[in-house]
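What TrEMBL records for this protein:
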DOMAIN    175-641  domain 'GPI ethanolamine phosphate transferase 1 C-terminal'
TRANSMEM  185-208  transmembrane segment
TRANSMEM  256-272  transmembrane segment
TRANSMEM  319-336  transmembrane segment
TRANSMEM  348-366  transmembrane segment
TRANSMEM  372-390  transmembrane segment
TRANSMEM  411-433  transmembrane segment
TRANSMEM  453-474  transmembrane segment
TRANSMEM  486-510  transmembrane segment
TRANSMEM  547-570  transmembrane segment
TRANSMEM  582-606  transmembrane segment
TRANSMEM  612-636  transmembrane segment
TRANSMEM  648-672  transmembrane segment
Amino acid sequence: MSDKGSHGDGHPTNTDTPLVAWGAGVGNPLPISRSDHHENTARFIDDHLHDTETPSEWGLSGMTRLDVNQADIAPLMSTLLGLPCPVNSVGNLPLQYMNLNKAEEVESVLANTKQILNQFLRKSQLKQSTSLYIKPFKPLASYSSLLREIEQLISLKEYETAMKLSEQLRSLALQGLHYFQTYDWLMLMTVITLGYVGWMIYVILHVLQSYTSLPANIFSKEQVPNPRSTVKIHLLGGLLMGVACTLLLVEKSPPLYHAYVVMTMFLWTQIFSEYQFLKAFCRYLCGRVNDYYLKLIATGVFAVIILELLVKSFTDRKFYTWCFLTTGISVPFYLYRSLPMRSRVPFFVWLACWFLSVFTLMPPQIPENTLLVVAGAVIIITIGIVLRYVESHAKDNRYWVSLVAQDSKKLKFPLLFHFQILLVGLASLMVWLSTTHRTEKQELLVLHQLVNWSFAGFSMILPLFSATGLLSRLTSIFLGVAPPFLLLSIGYEAVFYGALSLALIAWILAENAYLHISKFRSSAPVKSMEDDNRCLELSDMRIPLTFMVFFNIAFFGTGNFASIASFEISSVYRFITIFSPFLMAALLIFKLLIPFILVICAFSAITKLVQVPLLGCYFLVILCSDVMTIHFFFLVRNKGSWMEIGNSISHFGIMSAQVVFVLMLFAVTNVFTKDIQVRSAQQFSRKKM
């Protein structure tokens, strides 16, 4: 357990457990000068440092530590008690703890070896009884003759040779046991990998067919797809699924095996059923110029690099610092060459990116600091006022026209903005009052709790009544979710809320600038879809990639992706003072969701701004998530500390669930963003003419 109360991290003070043995059969302590066990340090299953010097506060500085694996304790206790080893034990008897003669040592190690060997034989027998074909573990093909040789050497009192052979046989038995425990791994990993690859190809095909102009281009001279050939492919796929399930049923495989195989075959059947589109697409690619291939390869390589760096960020949060420092230089440099200085967009992007880069250098365990929460409220109010000022003074600026409401004078509630600013200020005041009561060990009044609940709930409804212009609605959402976030904050995460919002505004401004730059540079007409959205282009891949970066920084900016335990439980004190684990966990999770809501709202607004289909971009987000998921799948481990094992599994689980999680958040945020209206540059130009 750590000082904070959580368990499972990889620190030696949480993973190294004292082992003390005394009594009959236990050897004497070994002075450091007589220690010769350092040669056996490779026997440890994890990567931590073992057999180090004993801490001085123990008072045993002259004695040698004898570190063992956790599993080694079972055969040690059994041997000291004169009992057989537990049936499923996989530990090696630590002879350094024993006070035995040579004959007794060999007999003990041989008993330990036979116990592990019997596990191997049983595993082999069970696998042979259910498998149609099995590949045996060849190193133990002659185990019986090796056992007879060991027993013969013991009878001849050649104990050293018998000990070496016993330890060798025990090592082989452990390898054979692991061989049969992981016998299906290759098949399962292959099937699951093919399933993920098939799903990604299927998503790509769906995006190409439904959200790009490719079908109109490649089928203009092609024949209409023949439905009969598609039926044949589905029949063949169904037949193969039936054969595979029959084989798995004969081998008595678990139901999950059937699910993995059927889903993988189903996806690849769907892919092969689109063979006419694939053939036409290949012909289309063959007719393109070399510049198109270079753009396609460059986009793919850039996307993979970004996603691989995001995978790395799960273990090193500092990646985001370098990411936003680099972005704060490269993007403003690109915009500076194309925009006039009076737009001030390059400067704002640089400032926002560098401000956000600071937070991933801070500790994930947030120290309590009420002044930072109040400072965060001041920053939020300042950002809101500046956005309102920009909206009111951007009437005739072509770089801002898309962000402003078409008729900003006709507002449902003219004083809504001022009321939201007031709620943010009152929320920061309640944070200060609640924290003062707690630090002075005074009970938080029920009235205070009711006021906090009222502020948090009422403020989130107000954005629904704001103006429908992009900048107006996003400003209202930003101010609307700020009070509950402030009331759940204890330190620098309140300032992070403002920094993240500034970076999202910078993203919107950069996309708006890029939109105008591309429209004025290009004279080619852009193909549109039925819902007035244009078709997706190769350059639009930047939008889901940027979303993935912001979606992860929304969590990594203030905490640890692996565990909700890294967040301070005292942040829920302003809403509830009686221990209620489910309500407290719900409040903590709600706090974590608020930055995600901001990111998804910005993402939805950008798709409307650049007039690309939101659902098509969501499928590209799925594609990016699956690339990361398949990487995390190969990083799952079953050795090491609880933290290392748990993190590897949780990272894979988080990325697997992210697709559904993002879809649910899209459904929630769509309530706020569905009626956002955007004026295009063409409308502005016609008005000026």
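Using the three backbone atoms N, Cα and C, a Cβ is placed for every residue, glycine included.
What TrEMBL says about a protein is an automatic prediction, not a curated fact.
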(message) So, taking each listed stretch (185-208, 319-336, 486-510, 582-606) in turn and counting its Cβ pairs to the transmembrane segment (256-272) that are under 8 angstroms, which one gives the highest count?
(response) 185-208
(request) Name the range, of those listed as 348-366, 582-606, 612-636, 648-672, that has the largest tally of Cβ pairs under 8 Å with the transmembrane segment (486-510). (result) 348-366
(request) State the non-local partners of the transmembrane segment (372-390) in its own chain: residues 6+ outside its ends, Cβ under 8 Å from one of its Cβ atoms. (result) 400, 417, 420-421, 424-425, 427-428, 431-432, 471, 475, 478-479, 482, 486, 489-498, 501-502, 505
(request) For the transmembrane segment (185-208), find every same-chain residue at least 6 residues outside the stretch whose CB is under 8 Å from a CB in it, and list them. (result) 214-215, 257, 260-261, 263-264, 267-268, 270-271, 274, 277-278, 281, 536, 616, 619-620, 622-623, 626-627, 629-630, 633-634
